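J.: The structure that follows is given in the form of structure tokens.
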Amino acid sequence: SFSFSLSSMERELRCPVCEEMLKQPVVLPCLHSVCVLCAAEVLVQRGYPPPELPPEPNTPTSSPSTRSPRQARRPLPKTDRLDRVRRDSPALVMLFPCPTCRRDVELGERGLTDCLRNLTLERIVERYRNTISLGSMAVMCQFCKAPQSLEATKGCADCRANFCNECFKLYHPWGTPRAQHEHIQPTHSFRPKVLVCVEHDQERLQFYCRTCQRLLCSLCKLRRLHSGHKVMPIAHAYQTLKDKITKEMNYILANQEKVQAQITQVESAIAQTEVNSAVAKEQLYQCVSELRGVLAERQAGLAKALEGARSRRAHALNSQLSEKQSLLEDAGLVAYTQELLKETDQPCFVQAARATHNRLGKAIENLHHFSLSADPSLRHFSVDVSRELKILGSMDFIRAPVAPVIDTQKTLAYDQLYLCWRLPQDSAPAWHYSVEFQRKVGGAGPLWGGVRSEGPGGTNSPWQRLDEVGGTSAVIDRLEMDSVYVLRVRGCNKAGFGEYSEEVYLHTPPAPVLPFCLDSRWGLHAERMALGKGQTYARSVPGLTLLHAADRALTSCHLTSDLLVADVSVTQGRHYWACSVEPGSYVVKVGVGLEAKLQEWFHLPQDMASPRYDPDSGHDSGTEDAQDCPPPFCFLTMGMGKILLPKSGASSSTPLTAPLPPRLGVCLDFEKGRVGFYDAHSLRVLWEGPVDCSAPVCPAFCFIGGGALQLQELILVFFYSCLTDL
């Protein structure tokens, strides 16, 4: 157990560059430690000028006879590397490649000079060396004359040397300044007694800046650089950090069973990795063997077809060769014909010569029109394996899908959450997806975060998951209102799960969604107002009424308006709905009103002057007539790509305008008699006002001139419409 702990601790005391025991370690800005000589070596190899290193103490450990092998083989920084740096160039910002965190660490213009020595780590290394050596490495007096050198009994921190008793008295006589030197135990490695500031010589580091996480001297503390920073005395920082480390250490020691369980789990994973590697290797050999078998079988089939073609063509060419050879002077047909011509019996000659005449005619015709009876090239028996070679060359282990990309334009939160994503083109295909979501608890999260790398403050509820989602979209229900949800997705195939997508943050509406359609019972003019299928879309087109009213436009204000209301009314509770107004609309008013009052007002003649449409007002609420009681209706005016916000006070002469949001949300609190207007994309409040809720209230929409409006569909309706589009 003791030897195991020592060997385990030795890993913490090795330099990550040379992998030997640390010597004169310096602390990098990333808080990792390396030997100062190793750090200088790495910087010179990167082309930086050689740094000014502190001189090594003249101790037995640095003598040529006892110096470690790595010091003996370390080349000194070459001065010719200075030629690479122009003398007139600005100060370099050195980057050191930390081997522990595997990233470049900025050292600053002064390089290693700004890095403090890790004296604590040096002391630990020395104690460790003394423990494992058990006194076998004696420290000899450096001032005794050879060959009678005695073992050192004291070390002087000021002289940085080791002495025996007699030599110490000789070099530190009473009554001299040397008698005040600090004597320590003999050591092979002397170090400064205290840390001093690298910028202000001999100034002790007495403060700690929590903002910069740096040690400061009293002069550094006064610099403007640390103005407003949280600076504390070093004693306070020491005690605070020591208490935290003690608490953390006690926690680890109290949870040794959990540590051991995790070690067992990791060891099991290592063993399982070896087993799975062997299985995967066997499967690889099996797959390649099957490929070889298929190739061999296909090779045999193609070779058989080639041999059949060769045999048929060889037979045809051999027959043609025999026929041509029979036409030679001393062979075959010619010899037979010569003998036939010797026949004198005329009937017998005619009888026997007809067949010979036919053969000779064909032979003469073949002489004039000669061609081979078979093509010897066999060009069409060539095999093109370029496509197969390309496929075999790209043969690789199956890859898990890469991180999906969430479509933030289609992803939204309404009565439910709708999440839409896609896989990048270079990704392996996914068999199915896993969608995970959690609700943020505490902390003010972003209303619509889009895509963010890390979440807002506060704690989170446990992750919930939808497994084996077949498509590239999902609907999540049973949500809490006015809450921020974090969503992510990852794909899965035979290789397992891939990486998670970047997290997306959605804010649910502040109240339950009120589903409704547009009702055209009141004030609808068919020649200029049209409703879409499902009565969730309305378009208004200016008609002849507006043209007829233009004749009186110089004397009074004439407006043609059309009112659309919801087919439901609200009598209690809180409700939310959203709609989109076409940016090119002239004037569209969105809001709520008492059902009875809306019917009364909008059944008046449509082409008349109306004092309720004040062109300077951003909303119509009837407050001009009744200051003490809530108005019977409340509208927000928008048009021509802008939204007109109500006046903020009596001193305001001009109403404020803002860009028209892609979707406008409306939230009605019936009990409080309040209606709020939101940017439905971010759920940012645009304006909130009172409304009379003493009787049923219904959503209302008013068109003045041309315009169009689309109610936000419920998520399931939107989901199925997206599937239909695909």
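Glycine is no exception: its Cβ is also placed from the backbone N, Cα and C atoms.
Among the features that TrEMBL reports, compositional bias 'Pro residues' is placed at 49-58. Look at TrEMBL and you will find 49-80 tagged as region 'Disordered'. Residues or ranges marked as compositional bias 'Low complexity' by TrEMBL: 59-69. The domain 'B box-type' annotation in TrEMBL covers 192-234. The domain 'COS' annotation in TrEMBL covers 341-398. The domain 'Fibronectin type-III' annotation in TrEMBL covers 400-511.
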J.: What are the DSSP helix/strand/coil residue counts across the domain 'Fibronectin type-III' (400-511)?
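T.: DSSP classes over the domain 'Fibronectin type-III' (400-511) add up to 0 helix, 54 strand, 58 coil.
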J.: For the domain 'B box-type' (192-234), DSSP counts of helix, strand and coil?
T.: 8 helix, 14 strand, 21 coil
J.: What does DSSP give as the helix, strand and coil breakdown of the domain 'COS' (341-398)?
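T.: Breakdown, helix to coil: 35 helix, 0 strand, 23 coil.
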